[in-house]
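As structure tokens, the structure follows; a few thoughts come after it.
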Amino acid sequence: MEADVKIPLCVFTGEDNLRPPEDVAIYIIDDNYTLKWNHHRESMGNVTFSAEYQKGEGRIWLKVPKCQHITRTKCEFSLLGINVYSKTQFRVRAEEGNSTSSWNEADSFIPFYKAHVSPPRVHLKAEDKAILVYISPPGEDGTMWAQEKRCFNYTIRIWGRSFPVREIKPMYFPKKISKLLPETTYCLEVRAVHTSLQRHSNYSSARCINTTVANKIPVPENLEVDVQGDSYVLKWDHAFANMTFKAQWIPVYSKSSPGNHSDKWKPIPTCANVQTTHCVSPRETFHTGTFFLRVQASDGNNTSFWSEEKLIDSQKYTLLPPPVIAVTPTGDSLLVYVSCKDSKCNGLIYEVIFWENTSNTEKRQHPQSMIKEHPEFNVVNLRPLTVYCVQARVLSTGVWNKTSKFSDKLCKKTHPGNSSVTWIITGFGALLFSAMAFYAGRSLQKYLYYVFSPPLKPPCSIDEFFSELPSKSLLLLTAEEHTERCFVIENTGVVAGEENRAPEEELRKYSSQSSQDSGNYSNEEEESVGPESGQDMLSTAPSGSPWSLPCPAGTLEDGACFPGKEKHLQSPVLRTQPALHG
């Protein structure tokens, strides 16, 4: 069985014989499109071209008007029905009889970002000393710049005979170029600039015009506006007397876009047909914040041209009312809150001044100031229990830099605050610290004195010398152990020489041993003292003296004990000689 062989069927349309167009490009100016391409003609026949476009995200290809079966390699058309802010794509093919080439698709693009700006149209109107320039925006009747008319700025270039080239950038329209010469030719040209795209047009073709013959009645000059209560006072100058004047006004927004706005001027009722060079009009006449004024003079049927237009911003002539303040004492500070009447404080800056309410002229004439962008102020570090006065005003930092008058003076007394408590705590702490430091210093002084200057015990000879003074009872050496030492003589029949010598010799021996053991000083004079001198000293000892020690009865012949030596020996051991019996 033979396998089925599928033979592809080809439709011969002649595509292989025609090459597609190359280098497809699109050029846009306002709403006018120009589609261009290149093609190499290899056939002697009649080759035509057709173009299609696709708008947005759709997949439908639409035929380009005025670009079907044409013999040229470009076509010009307008697409007023497309969205200029969405993507658009074009494609072109070649045709010859029933044969067509493949489509050559150009890259997609957004028309708004690819479009160029055309020069604006210009219309001129001459006066004797001025020229009115009427400008029409680019693509005025199209869709490309329909939402962008306020995004264009314009530059006017004007020149004339004996008049150097001057560039003017108007903000309001039509633009009146004043201070020209009568019967003089002036030429000018205008170009447009898109501010966000930074794309500008070429200058328009030059337009020339002659100013007219000087008018019989000159225009009013030096138009000024002043404020009187709730009214505007318009003033101007004029060369002639006995003239009649009238004034008109127009809102600024009516002149913010190019075009002819002559029909939008409105009369000022109180300034119509006045014979003075001033008039007064209530503010209610002008229902907008910014407007233009102009004045015209007339004498019967003869009228002057309109004066140069004067821009009036009502904010310049609106006085800021003084604010209202509230002051609250908080300890040794003041909390100040500033508020505006009718709550119209947006975009303003606040200033607060304060001073101590005293008879001191210098403090009153030089108050302290604080400036902030919010209405709350905290005035700190004030003196407690002191009266301070506060005032405030508001400032506008906009175009006109206006300042209100100061508010009414408001005086408040500060509270004791935390300063007195702080001083009390600080003083108590300082006193406590001083006492502790004094005690520590005294203790350190005693310790250093004890370490470097220990108490010394004087020799017995010096101590005995001072003990003989009336105040010797106050200078006593501390005994290691208090003992009573007495010699008891049992037999009174002992020979006097032996009796007197034995205790004395034994005492001398004891004194020598005690001095060696204890390290106490001994005096030779004490060793040389006899029994008689000892008895004399005992008999002369004052009553109540530490030497008056109680002794048992019958110790000595006269009933006295022998206390002097034993007290100084300071030895707990008493060595006695046995008594001699006859």
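Quick reminder: no glycine exception, Cβ is built from N, Cα and C everywhere.
Quick look at what TrEMBL lists:
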type	residues	note
COMPBIAS	498-509	compositional bias 'Basic and acidic residues'
COMPBIAS	510-522	compositional bias 'Low complexity'
COMPBIAS	536-546	compositional bias 'Polar residues'
DOMAIN	321-417	domain 'Fibronectin type-III'
REGION	498-582	region 'Disordered'
TRANSMEM	421-440	transmembrane segment
Distant-in-sequence neighbours of the transmembrane segment (421-440), which means Cβ under 8 A and at least six residues beyond its ends: none
For the domain 'Fibronectin type-III' (321-417), the mean pLDDT of the predicted model: 88
Summary of DSSP states over the domain 'Fibronectin type-III' (321-417), given as helix, strand and coil counts: 8 helix, 47 strand, 42 coil
